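> Got a structure for you, written out below as structure tokens; questions coming shortly.
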Amino acid sequence: MVAPESVDKKPAETTDDGPTFDDVLRLAGGSGRWQLKHIVWLSKTCINLSFFLMGMIFLGAEPEHRCADGFAADVGFASLPADAPRCPLAGANCSRWVYDTSDVGNTVVAQWHLVCGRKPLLSLLQSVPMAGGLLGAITTGMFADRFGRRPVTLAGSTLYAVTALASCAVRHYQLLLAIRFVSGVGCAFSLSPLVVLILEIVTPEWRLLIGLLIQVPFALGVMALSAMAYLLPNWWHLQLAMAIPTLLYIIDFWVMPESPRWLVRTGRLPAAAAVLRRVAATNGAVLPDDDALSQMLQRVYEAERSQKVAAGANGCLSFLGQLVQLLRTPQMRRYMLVTFLCWLAAGLSYFGIAFDLGQLSASRYVANCLSGLVEIPAYIVPWMTATRWGRRPTVCALFLLAAASILPVVAVRDWRLSLTLGLFGKFAVTGAFGLLYVYTPEYVPTLLRTIGLGAASVSARVGSIVAPFIIDLAREAHPSAPTVVFGVLALLAGLGALLLPETAGRHLPETVAELESGAWLRQPPDCRETIADLLPGARRDQRAA
């Protein structure tokens with residue numbers, strides 16, 4: 001899934017010190033045709049990401065296999081006796097395997113014999129892109145702030161495209177492992193700055209809705225992957241089909257804009273003015289003349305620079321100091337430990353259920369397609385309940401629903417019921433995952449908000465890294481063991497979420513001292529958000545009234 005960035009949902013107002021960038025963007029037509037065409041085009045990255053993250057469900061599908069030691073060299077799977085061992089006895093080795101590829105095709109499992117004692121090598125193939133993504137996520141923000149959203153996104157897209165195409169021709173396991181790690185880095189560099197870019201080119205009243213909708217292409221990609229895998233049973237053909245769309249990244253070198261918000265923030269005012277002129281022309285708006293526009297952008301730049309200086313003067317901490325602050329005080333420590341648990345459960349359960357869902361169905365193609373389908377309402381429905389009943393009860397309910405859906409699968413023997421329960425679990429975990437991206441920054445103090453969200457995201461990525469190993473290793477003990485692990489962890493996260501504060505409608509804490517005092521929680525909440533508040537222009541219409 002693609003998580004939305006944490007953004008302030010309230011539109012920036014014109015202050016006494018002068019206009020904000022959002023005011024200038026509204027003069028250029030606000031969020032109009034220019035934004036729409038770029039968002040639609042750039043969302044292809046989310047589709048490519050779904051192919052990359054979920055492709056191993058089919059690339060690494062395990063065909064029926066038998067050890068053919070002691071049989072003729074040309075013996076096929078159908079010719080082996082039914083009692084031929086699937087795996088050799090403990091302490092014994094098998095020098096030759098034969099596979100039944102009629103069901104899942106020729107996968108990497110058959111290519112490199114990733115069965116029995118070599119099965120952890122398959123889990124490693126699934127996990128190593130997540131590790132690459134973790135490395136990329138840690139460093140991409142620094143590069144995007146330093147060099148811009150556009151060049152970092154283009155560099156990441158190019159890196160991913162090259163490695164995705166190269167992986168089609170790989171015939172050595174170690175080389176494929178290295179390529180998938182680099183691909184994970186490329187995906188992180190192409191996606192994270194892109195999401196920031198998309199949210200920076202729209203006005204604030206649209207950001208929540210856009211943050212939701214840009215995840216839909218990911219779900220559509222998961223669904224399309226099932227059809228591609230069904231039509232292309234050989235893993236290198238499927239890998240090629242997943243890689244070919246990355247050639248569209250070439251067009252981005254001509255059509256992808258730089259974020260005008262970043263250009264203003266870094267003092268590149270002529271370049272920002274040029275982008276805003278194109279925005280206004282496409283949106284049918286008219287900007288002030290060059291001198292007036294330059295003066296407006298100069299005032300915006302100076303205001304943001306003074307805010308940055310003030311923030312530094314008020315005690316911005318070093319990276320290590322910020323990490324210490326997250327766990328130094330009792331209340332902050334309690335919140336963050338629960339937060340790490342929730343994010344770990346979300347990352348582990350999301351990818352664990354996605355990888356394991358094919359085992360609950362008679363067809364892994366149907367199961368994966370339905371898995372993508374349930375994500376679409378999971379991006380939207382929980383947000384509606386969170387605005388109506390609050391963040392904490394919604395997150396808690398979603399994790400508990402996931403546990404209540406996953407754990408009974410252990411005792412169910414009908415695959416239809418098992419698949420239905422698994423899909424409910426996928427819906428709940430997806431909703432909780434998406435909501436955590438907005439909920440967490442709301443109770444982490446302002447000066448620690450970025451590092452707090454980053455640390456929580458690392459917890460989720462750790463969960464995604466270990467999920468394939470849990471599935472393969474736990475299943476050796478019992479076929480239902482992975483399900484129990486995911487369900488119990490979701491249950492613990494749901495109960496732990498009760499210890500988090502409710503933030504809906506409340507003034508958010510600015511400092512750790514304010515959070516520790518609890519005064520921000522004792523204040524009566526403002527008027528609760530309603531579903532209508534999610535709609536673009538709702539708050540603007542309320543102010544006009």
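Cβ from N, Cα, C; glycine included.
All annotation found in TrEMBL is predicted automatically rather than curated by experts.
Quick paste of what TrEMBL says about this protein:
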- 39-59: transmembrane segment (TRANSMEM)
- 39-505: domain 'Major facilitator superfamily (MFS) profile' (DOMAIN)
- 152-173: transmembrane segment (TRANSMEM)
- 179-202: transmembrane segment (TRANSMEM)
- 209-230: transmembrane segment (TRANSMEM)
- 236-255: transmembrane segment (TRANSMEM)
- 335-353: transmembrane segment (TRANSMEM)
- 365-383: transmembrane segment (TRANSMEM)
- 395-413: transmembrane segment (TRANSMEM)
- 419-439: transmembrane segment (TRANSMEM)
- 451-471: transmembrane segment (TRANSMEM)
- 483-500: transmembrane segment (TRANSMEM)
> Which sequence-distant residues neighbour the transmembrane segment (395-413)? Criterion: at least 6 residues beyond either end, Cβ under 8 Å.
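Tertiary neighbours of the transmembrane segment (395-413) are 342, 345, 349, 353, 360, 382, 385-386, 421-422, 424-425, 428-429, 431-432, 435-436, 439, 480, 483-484, 486-488, 490-491, 493-495, 497-498, 500.
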> Would the transmembrane segment (209-230) and the transmembrane segment (483-500) count as touching if the test is at least 3 Cβ pairs under 8 Å, pairs 6 or more apart?
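Touching, no - the transmembrane segment (209-230) and the transmembrane segment (483-500) miss the threshold of 3 or more Cβ pairs under 8 Å.
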> Under a criterion of three or more Cβ pairs within a distance under 8 Å and sequence separation of at least 6, are the transmembrane segment (152-173) and the transmembrane segment (365-383) in contact?
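The transmembrane segment (365-383) and the transmembrane segment (152-173): touching, no.
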> Looking at 39-59, 335-353, 451-471, which one has the highest count of Cβ pairs under 8 angstroms to the transmembrane segment (419-439)?
335-353
> For the transmembrane segment (236-255), find every same-chain residue at least 6 residues outside the stretch whose CB is under 8 Å from a CB in it, and list them.
38, 41-42, 44, 47-48, 51-52, 55, 58-59, 153-154, 157-158, 160-161, 164-165, 167-169, 225, 228-229
> For the transmembrane segment (365-383), what are the same-chain contacts with Cβ under 8 Å, counting residues 6+ beyond its ends?
1, 50, 54, 57-58, 208, 212, 215-216, 218-223, 225-227, 229-230, 353-354, 357-358, 394, 398, 419, 422-423, 426-428, 430-432, 434-435, 438, 534
> Do any residues, 6 or more residues outside the transmembrane segment (483-500), come within under 8 Å Cβ-to-Cβ of it, and if so which ones?
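Contacts of the transmembrane segment (483-500) (Cβ under 8 Å, skipping residues fewer than 6 from its ends): 334-335, 338-339, 341-342, 344-346, 348-349, 352-353, 356, 392, 395-400, 402-403, 406-407, 409-410, 425, 428-429, 432, 439, 443, 470, 474.
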> Would you report the average pLDDT that the model assigns to the domain 'Major facilitator superfamily (MFS) profile' (39-505)?
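That region's mean pLDDT is 85.
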